[in-house]
Amino acid sequence: MEPEKRFFGWEDYTVFACMLVISTLIGLYHGVKFRIRLPWMSGGSSSSSGSSASDLTAAAGRQEQQSGPSDSSAEEFLMGRGQMGTLPVALSMLASFLSSITLMGQPAEVYLFGPQLWLFGVAAFLAIPVVNYVMIPFFHKMQLTSAYEYFGKRFGRKVQRLASVLFTIQMILYLALVLYAPALALSQVTGLHTLFVVTAMYFVVIFYTTIGGMKAVVWTDTFQVVVLYVAMLAVLIKGTIDIGGFGVVWETNAQNGRGDLFKWTTDPAERYSVWTTLVGAALLHTAVYGANQLQVQRYLTVPSIAQARRMVWINCVGWTVVVLLTVYAGMLIFAKYALCDPISAGRVSKADQLFPLFVMDTAGSLAGFPGLFVAGIFSAGLSTVSTGLNSLAAIWFAELDGSDFKAKLTDRQAGLTVKLLALGFGLLSFALVFVVPYMSGLAPVAIALSSFFSGALFALFMLGMFVPFADAVGATVGLLAGIGVVGWMTIGAQIATEAGQIVNLPLPLSTSGCAANATLSALSSGRAGSTADFAWLPYRVSFLWYSALSLAITFATGVLVSAVSSRFTDASPASSSSASTTAFGVKPVCWVAVSSEASLEEEKEDARPEKLLVRVGDKEAGALQVSVLGRGGRGRPRQL
């Protein structure tokens with residue numbers, strides 16, 4: 001007999017509603033607190049631009065481009081004045097990194113293709129050296145509202161604008177995916193229409209994000225990540241007890257070809273080989289931690305580099321734990337449905353619905369338990385969306401630098417502007433939710449989006465920081481080439497999948513234990529992670545390689561084009577002194593081009609005024625020891 005379909009009871013609605021109400025109240029609290037502080041901030045700025053500058057974390061690096069009166073309230077909204085605590089910001093960073101796609105998409109991937117995805121979490125630790133000792137000191141030195149303002153200083157405003165547009169496209173698409181996943185879960189356990197759920201969810205997240213700003217985002221994220229962990233652990237513990245213990249879970253998976261934790265093949269089309277998951281994911285994590293506005297903005301909400309580094313460690317540990325939990329969830333789901341695959345039996349239409357189904361079958365009779373699970377799924381989605389909207393507002397508020405519009409803004413008007421930006425991007429991403437049902441699999445699509453955009457943008461930072469002759473032409477062509485080629489591969493893979501030219505073969509699934517009256521559908525199976533050979537190889541490459549490919553194409557193209565274009569122009573890179581002293585604690589010595597307009601005294605000894613080379617050495621007591629070199633490589637150290 002087919003199991004009875006269960007839905008939410010009033011207890012579940014109560015638990016779920018409490019999560020939404022608490023999140024909203026946190027936003028209201030910080031919104032009211034923000035409005036109370038504004039008159040004092042405005043008064044300070046009207047009397048003296050110097051007095052308002054003391055309230056800005058990045059005043060020293062920004063006051064040349066932005067007027068004091070227009071920034072104080074916006075800085076509070078976007079950055080929390082750079083004085084927030086390490087632990088709440090670290091948990092917020094983790095919450096935004098853990099989307100609802102993680103909690104629903106990854107168990108589905110493990111159910112279909114096996115547990116090799118566990119290396120995806122471990123790979124995050126391989127990103128720490130570059131992130132902690134190159135990128136974080138770099139961003140703290142620059143102190144910019146938008147990470148991509150550096151491109152404007154290094155390559156010119158057109159490159160900055162291009163990067164901002166590309167990041168915006170990525171983020172809006174990603175936010176639509178992130179909100180569709182929990183709506184899918186709630187519709188599975190409540191019977192409510194998915195689009196109705198999405199609409200309600202958007203209303204809540206847009207409300208508390210636009211009202212409370214960064215502090216509301218951080219503290220709601222902190223609350224929501226606790227809900228997420230509690231929900232995950234409760235579900236997994238209950239499910240394991242019902243199955244008969246961890247030993248039964250592992251044995252059931254091993255007997256059905258799901259006990260292989262490592263695949264050593266070098267086939268790039270293999271979905272989750274060791275090299276694909278470890279190397280590809282390590283480069284993806286490096287790019288996301290090192291170039292994504294969501295993470296960069298978090299680094300600047302704390303006052304010191306040491307605190308930002310601790311945040312990355314906390315985030316990596318938390319992320320790895322969640323990946324391991326979702327991998328185990330996938331194994332647990334398979335152990336429960338080993339004899340009757342719910343997809344083939346028609347109990348769910350998508351693999352992404354398996355986890356909510358498992359929760360209802362396992363704990364649907366326990367009052368409030370399904371509500372706790374859905375609250376955890378929604379917490380992951382809300383935290384990611386709130387962070388994304390805040391970051392998009394930060395980027396486009398920074399794009400207004402130098403405009404008459406921004407110069408004339410009062411503190412209150414600046415705060416209203418960033419709120420309207422957040423609202424506008426929220427509504428835009430909501431409109432794209434209607435496209436998500438036509439995408440094949442939440443986790444692969446989400447990772448693909450993050451991969452090729454983040455990889456290309458990270459490569460652009462590397463190009464600017466470590467290639468002295470890199471110019472705007474090389475940066476632009478490189479960025480478009482990296483995103484264009486890998487974007488073409490991604491879209492081609494989606495089209496080929498929909499056309500049946502790519503069939504990602506899952507491990508064997510059984511329907512031998514299904515009810516006699518169940519409606520069964522065929523689900524092809526074979527070697528997990530392999531693909532049918534109907535499509536061209538670039539379309540079959542594992543999505544975990546997209547970041548590495550995008551990074552390599554962008555960097556290589558940027559270097560080659562810059563080398564050629566520099567022969568036809570004498571213009572030096574569009575650098576300022578703050579943009580040029582970039583590497584910021586990196587060992588061994590790094591070299592960066594500095595234009596003649598840099599605020600460094602030119603050495604009389606054999607120095608070229610058109611283009612100088614700055615040797616960046618050790619950072620001591622917050623100062624950078626540099627030497628201005630002439631042709632012979634001589635120079636005396638200076639502090640910046």
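Just so you know, glycine gets a Cβ as well, placed from its N, Cα and C.
The compositional bias 'Low complexity' annotation in TrEMBL covers 43-54. Under the heading compositional bias 'Polar residues', TrEMBL lists 63-72. According to TrEMBL, the feature region 'Disordered' maps to 43-74. The transmembrane segment feature in TrEMBL is assigned to 13-32, 87-105, 117-139, 159-180, 192-211, 223-241, 272-291, 372-397, 418-439, 445-466, 473-496, 543-564 (among others).
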Between the stretches 87-105, 117-139, 159-180, 372-397, which one has more Cβ pairs under 8 Å with the transmembrane segment (418-439) than any other?
159-180
May I ask you to check whether the transmembrane segment (372-397) and the transmembrane segment (543-564) make contact, with contact taken as at least three Cβ pairs under 8 Å and only pairs 6 or more apart in sequence counted?
no
Tertiary contacts of the transmembrane segment (117-139), as residues 6+ beyond its ends and Cβ separation under 8 Å:
106, 109-110, 147, 261, 272, 274, 277-279, 281-282, 284-286, 289-291, 296, 299-300, 305, 308-309, 312-313, 315-316, 319-324, 326-327, 330, 461, 465, 544, 582-586, 619
Under 8 Å, at least three CB pairs between the transmembrane segment (543-564) and the transmembrane segment (272-291) (pairs 6 or more apart)?
yes
For the transmembrane segment (159-180), the distant same-chain contacts (Cβ-Cβ under 8 Å, at least six residues beyond its ends) come to 99-101, 146, 148-152, 194, 198, 201-202, 205, 293, 381, 384-385, 388-389, 391-392, 395-396, 399, 425, 428-430, 432-433, 435-437, 439, 442, 445-446, 449-450, 453-454, 456-457, 460, 472, 475-476, 479-480, 483
Contacting positions for the transmembrane segment (87-105) when only residues 6+ beyond its ends and CB under 8 Å are counted:
177-179, 181-182, 184-185, 217-219, 221-222, 224-226, 228, 232, 288, 294-295, 298, 301-302, 310-311, 314-315, 318-319, 322-323, 326, 352-353, 355-356, 376-381, 383-384, 386-388, 441-444, 446
Contact set, same chain, for the transmembrane segment (272-291): CB under 8 Å, 6 or more residues outside the stretch:
97, 109, 113-114, 116-117, 119-120, 122-124, 126-127, 130-131, 134-135, 147, 262-266, 312, 447, 450-451, 454-455, 457-458, 460-461, 529, 542, 544-548, 551
